[in-house]
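**Q** Pasting the feature list from Swiss-Prot:
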MOD_RES   2  N-acetylserine
DOMAIN    2-87  domain 'ACB'
MOD_RES   8  N6-succinyllysine
MOD_RES   8  N6-acetyllysine
BINDING   14, 29, 30, 31, 32, 33, 51, 55, 74  acyl-CoA binding site
MOD_RES   17  N6-succinyllysine
MOD_RES   19  N6-acetyllysine
MOD_RES   29  phosphotyrosine
MOD_RES   51  N6-acetyllysine
MOD_RES   55  N6-acetyllysine
MOD_RES   55  N6-succinyllysine
MOD_RES   55  N6-(2-hydroxyisobutyryl)lysine
MOD_RES   55  N6-malonyllysine
MOD_RES   77  N6-acetyllysine
């Protein structure tokens, strides 16, 4: 998997005909962050920020995953979503 394939997938996911389910969006978000930033580097959001906590927890769950593995999983998930939702 190359950086170019990853960047293409990042653009394609924005053009899906239907918004993916929340769990699919968390997968996409967390793997994108792991691939581009690496291990989480922020504090967990406060108790009232439910969406922020869900995103933080999903990204934190990937701690230790290599950028390459996160990139590969991201690309594979986008391909799956393209088949499911169309672009």
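Residue numbers in this text run from 1 along the chain shown.
Cβ atoms here come from the backbone N, Cα and C positions, even for glycine.
Worth saying up front: this structure is predicted, and the values here are computed from it rather than measured.
In terms of burial and nearby residues, how do these features look in this structure?
**A** Taking Cβ-Cβ distances under 8 Å and a sequence separation of 6 or more, residue 2 (N-acetylserine) has no neighbours in its chain.
Of all Cβ atoms in the protein chains displayed, 13 besides its own lie within 10 Å of the Cβ of residue 8 (N6-succinyllysine).
In this structure, residue 8 (N6-succinyllysine) is part of a helix by DSSP.
The Cβ of residue 32 (acyl-CoA binding site) has 20 neighbouring Cβ atoms from other residues within 10 Å, across all protein chains displayed.
Within 10 Å of the C-beta atom of residue 17 (N6-succinyllysine) sit 9 other C-beta atoms, taking all shown protein chains into account.
Its own atom aside, the Cβ of residue 19 (N6-acetyllysine) has 9 Cβ atoms within 10 angstroms in the protein chains shown.
DSSP classifies residue 29 (phosphotyrosine) as helix under the three-state reduction. Under a cutoff of 8 A between CB atoms, and with a sequence separation of 6+ in the same chain, the neighbours of residue 29 (phosphotyrosine) are 55, 58, 59.
Residue 51 (acyl-CoA binding site) is surrounded by 10 other CB atoms, counting those within 10 A of its CB over all protein chains shown. Secondary structure at residue 51 (acyl-CoA binding site), taken from DSSP and collapsed to helix, strand or coil, is helix.
When Cβ atoms from all protein chains are considered, those within 10 Å of residue 55 (N6-acetyllysine) total 17, not counting its own.
Applying an 8 A CB threshold to same-chain residues 6+ apart, the list for residue 77 (N6-acetyllysine) reads 24, 27, 28, 31. DSSP classifies residue 77 (N6-acetyllysine) as helix under the three-state reduction.
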**Q** To the nearest Å, how far is the Cα of residue 14 (acyl-CoA binding site) from the Cα of residue 8 (N6-succinyllysine)?
**A** 10
**Q** Tell me, by DSSP, whether residue 17 (N6-succinyllysine) is helix, strand or coil?
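**A** Where residue 17 (N6-succinyllysine) sits, the three-state DSSP reduction gives coil.
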**Q** Tell me, by DSSP, whether residue 2 (N-acetylserine) is helix, strand or coil?
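**A** Coil, per DSSP.
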**Q** Expressed to the nearest Å, what is the distance separating residue 8 (N6-succinyllysine) and residue 30 (acyl-CoA binding site) at their Cα atoms?
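**A** Their Cα atoms are separated by 17 Å.
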